[in-house]
Amino acid sequence: MTFRNCVAVDLGASSGRVMLARYERECRSLTLREIHRFNNGLHSQNGYVTWDVDSLESAIRLGLNKVCEEGIRIDSIGIDTWGVDFVLLDQQGQRVGLPVAYRDSRTHGLMALAQKQLGKSDIYQRSGIQFLPFNTLYQLRALTEQQPELIPHIAHALLMPDYFSYRLTGKMNWEYTNATTTQLVNINSDDWDETLLAWSGANKAWFGRPTHPGNVIGHWICPQGNEIPVVAVASHDTASAVIASPLNGSRAAYLSSGTWSLMGFESQTPFTNDTALAANITNEGGAEGRYRVLKNIMGLWLLQRVLQERQINDLPALIAATQALPACRFIINPNDDRFINPDEMCSEIQAVCRETAQPIPESDAELGRCIFDSLALLYADVLHELAQLRGEDFSQLHIVGGGCQNTLLNQLCADACGIRVIAGPVEASTLGNIGIQLMALDELNNVDDFRQVVSTTANLTTFTPNPDSEIAHYVAQIHSTRQTKELCA
C-alpha cells in the first residue's frame, strides 16, 4: 500500500489548525487528523487592529514539530489563510510596521475616493473584484498616506499565506488565488495592474509576479534535518474550500460558511458586465484557471461576536433555543458596513431593529434567530442574483466549512433558497489545501479527480427544502410584493 502524508496549515480569522492528511493511492482514500488547533483573533496595538503573526508562526511550527516527533515522514506542506491582509518586509526580510487587520478603520472613505478618481467601472474592468472597503488596494493607500515614514524601508509586501511560507522556507512567493483578492491584479494579464498599484501608492517592486497553485516555494527543514517541500496551494482559504466542494455539474453553487459566507459558482470565464458590477460580484482566481464568481456575505462573524459578548459557551443549546422561536420576526442586512467591527454587536443589531420599527431581539435565542433568519434570506437573494447573472437557475447548493455543522441554518437556507442543500465537508479549506499538494506530488490528475475522492470519503448531509416552512412563506410574500411593485411601476 502506497501512502502520502501531507500537512495542511489552515488559518482562519478566529482559529487555526495544523492537519495531517494520509492518502492511500490504491484505494484513493483520504483521512484527516488534527495535530494542533489554536486560537486566532484581533488585537489592539498602537491604535491599530492587528494580527499576532508571531504567535501564529509559533503555533504553526509547534504543529509541524508534533508531526515530526511522531516519526511521520511528511511529503509536503501547504498553507492557506484569509485574504487581503499583508506583511511588509525590509531588504533583510525583517518586518516593517504592524500586520494590520482588514477590520481596522484606517481605510475609511478610501474606496469612495478610488471610485471618484479612477472610476468605479474602470477599477472593476481592470480587476473584476468586488468593492469591499478593506481590500488591499485601499489598505495600501491608507498605509502610504498615513505612514509615509515606512515607505523608504519597505522592500517586499507578502500576503499572509506567502508570509508564513517565507518564514518556513526563506523563499518569497505571491500565490495567484490570494493575490486576486487584493483588487490589484489585472484580470486579463494575471499580473499586478500598474494603474491600480500607482493609485495605492505601493511600489511594484514590492511584489513578484503571481504564481498559480502547485509550485514548490521552497523547503522547510524539520528538526530531524529532512527537507520538506512547501507547496503553493490555493492559498486563499475560500479558493481551497471551493476545490474541496464536491460540485457536480454546471448547476451547482457553493457556499463556504465560516466567519465569512462566500456564495458563488465556478466559471471558465469572468463576469464583468454592468449587471455583475451593479450586484458587486467578484471574480476571484481559482485553481486550473477557473474563476470563483461569488459574493461576500458577512457570515457567522455576527454570531461569533454575540457569543463573545454574551459569554455563551454552549452553541448547540443556543441553536436549540433559537429553533423553538418563530421565524422572521427580526430581520437585518448582515452585509451592512455597520456590522464589520462595531463596539458591541448585540447593541448594533438591536439598534437596526429599533430603527426599522421591528421588535427588538433581547434574549440570546432571539439574537441568534435574527442572525440565522437574516443570513438565510440574504443567501436566497444572492443565489437569485447569481442565477440571473449567468442566465440559469441552480439545482443544488453545497455548503462547506465549519458553518455547515449548523443544521438549523442549513435547513433555513434550503427553505429560503428553495433548492436542495448538501452540507459538507466541514474541513473544506484543509481538504482543498491537501488536494493541490497531492496534485503537485503527481498523485491526482486535477481538481475534478480530487472531488471524486472527496465525494467518496467525506461525510455529506442533504437538506430538502420545505415549502411550508415559515421562512419559505416569508420569501414567497416578499417575491409577491416585489412583483406587485414592478407591475405598478
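Including glycine, each Cβ sits where the backbone N, Cα and C put it.
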Among C68, C370, C404, C413, cysteine joined to C222 by disulfide in Swiss-Prot: C68
Candidates N173, N296, N313, the one Swiss-Prot lists with G83, H236, D237, T238 as binding substrate: N296
Swiss-Prot annotation, ATP site containing A13, S14, S15, G16, R17, T259, G402 - matching residue among Q304, Q308, Q452: Q304
Rounded inter-Cα distance in Å - C353 (disulfide bond), Q304 (ATP binding site): 19
For A13 (ATP binding site): DSSP state (helix, strand, coil): coil
Pairwise Cα distance for T259 (ATP binding site)/C413 (disulfide bond) [Å, integer]: 17
Least buried by Cβ count (within 10 Å) of the recorded positions A13, C68: C68
For substrate, whose listed binding residues are G83, H236, D237, T238, N296, the greatest C-alpha pairwise distance in Å: 14
H236 (substrate binding site): secondary structure state under DSSP, collapsed to three categories: strand
Residue among binding-site residues G16, G83 with least C-beta crowding, 10 angstrom cut-off: G16
